[in-house]
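Below is one structure, written out as structure tokens; the observations come after it.
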């Protein structure tokens with residue numbers, strides 16, 4: 001019987017090559033090749049386009065400027081800018097955004113976290129502690145966007161991807177502690193959570209990466225990995241932008257913007273001089289490379305100025321793209337208490353929890369030295385005990401206290417409503 005079934009399956013695979021293609025190794029190899037080419041394309045495109053632009057610029061300046069000093073200055077300046085651009089571009093990719101997976105102290109063994117997070121609280125010998133004892137499954141529905149479909153947490157505008165919304169993350173409430181789950185609790189001595197769940201301080205964890213998730217850490221559905229202070233997944237780098245490569249990302253945007261602006265101005269001046277001097281009458285031909293350089297650099301200048309300006313604005317506010325989108329759409333605001341009432345009784349939003357002022361926000365990402373602002377030097381710390389490792393973030397304490405106060409009021413209101421509903425049901429039962 002078994003031999004007959006095997007023979008039929010083999011004949012089906014032979015007669016239906018689509019089955020072999022879908023389920024065979026050839027399909028997996030083709031899929032891996034497509035992913036590799038997709039990630040390779042932006043790198044080749046950026047390097048090729050930048051190299052071509054530099055070549056055209058250097059040759060045009062050589063013949064378009066009479067001043068030797070001007071020619072030499074522009075050529076050296078653009079060459080240095082080109083080197084910085086390429087170096088920083090690949091540094092964004094090599095350094096990466098950073099992940100809690102890189103810290104063994106944040107890992108949760110696959111044998112520790114069960115499929116059902118409620119199993120973590122099944123203990124008869126519970127003892128009180130500062131840490132929590134209740135894991136609550138995070139099955140909130142949310143809005144999707146790009147590669148990281150995000151969702152706002154209660155107090156810190158913390159958002160999550162679609163992965164986080166499908167039971168791949170959970171929250172640990174600080175209400176008690178079980179002695180049998182000591183090894184399952186997040187290392188409170190390493191990081192502090194400013195997130196809320198059910199109007200109580202809470203920790204998050206990812207069941208796919210098997211790690212505790214610090215504040216502002218999210219799971220990327222494209223990379224299938226959690227990243228520290230995740231900003232967004234950038235297709236131009238084929239990687240995520242997060243805590244460790246955020247500085248280099250902003251710098252490469254500035255380098256490219258300056259490169260494009262200089263190329264636009266210089267190419268336009270040469271074109272303008274060509275038509276003003278009527279050089280075609282003296283058998284001088286207009287270079288197509290010059291025209292292409294002007295058009296391409298002008299288009300990229302317009303796009304890069306907007307995008308770079310927006311990125312610097314976000315940096316000054318110390319907010320990520322995920323947090324910005326959540327705050328913009330006001331997602332779950334009515335449930336999170338992210339508002340207050342002024343003296344006139346008007347409802348207004350609370351500020352961003354991580355906004356410490358533009359100067360402190362800038363230094364937290366770009367570093368304290370102006371040399372680090374201009375050049376791609378490292379200012380982050382990869383040590384678990386470091387002060388700038390992407391695990392802990394300084395917050396506005398006054399604002400955080402307002403969040404806590406609102407959460408406390410909301411919890412009291414919920415309890416009162418539950419009691420009123422329960423007493424109403426009791427009265428109905430007595431009447432009947």
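Note: Cβ is positioned from N, Cα and C throughout, glycine not excepted.
Keep in mind it's a predicted model, so treat the numbers as computed, not measured.
Taken verbatim from TrEMBL:
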COMPBIAS  144-159  compositional bias 'Low complexity'
DOMAIN    203-326  domain 'Palmitoyltransferase DHHC'
REGION    140-166  region 'Disordered'
TRANSMEM  33-57  transmembrane segment
TRANSMEM  69-90  transmembrane segment
TRANSMEM  252-275  transmembrane segment
TRANSMEM  290-316  transmembrane segment
Residues in the domain 'Palmitoyltransferase DHHC' (203-326) grouped by DSSP into helix, strand and remaining coil: 71 helix, 19 strand, 34 coil
Intrachain residues whose Cβ lies under 8 Å of the transmembrane segment (69-90), provided they are six or more past its termini: 43, 46-47, 50-51, 54, 57-58, 61-62, 237, 248, 251-252, 255-256, 258-259, 262-263, 266, 375-376
Residues of the parent chain within Cβ reach of the transmembrane segment (33-57), under 8 Å, 6 or more residues beyond its termini: 74-75, 78-79, 82, 85-86, 89-90, 93, 235-238, 259, 263, 266-267, 289-290, 292-293, 296-297
Confidence summary for the domain 'Palmitoyltransferase DHHC' (203-326), mean pLDDT rounded: 92
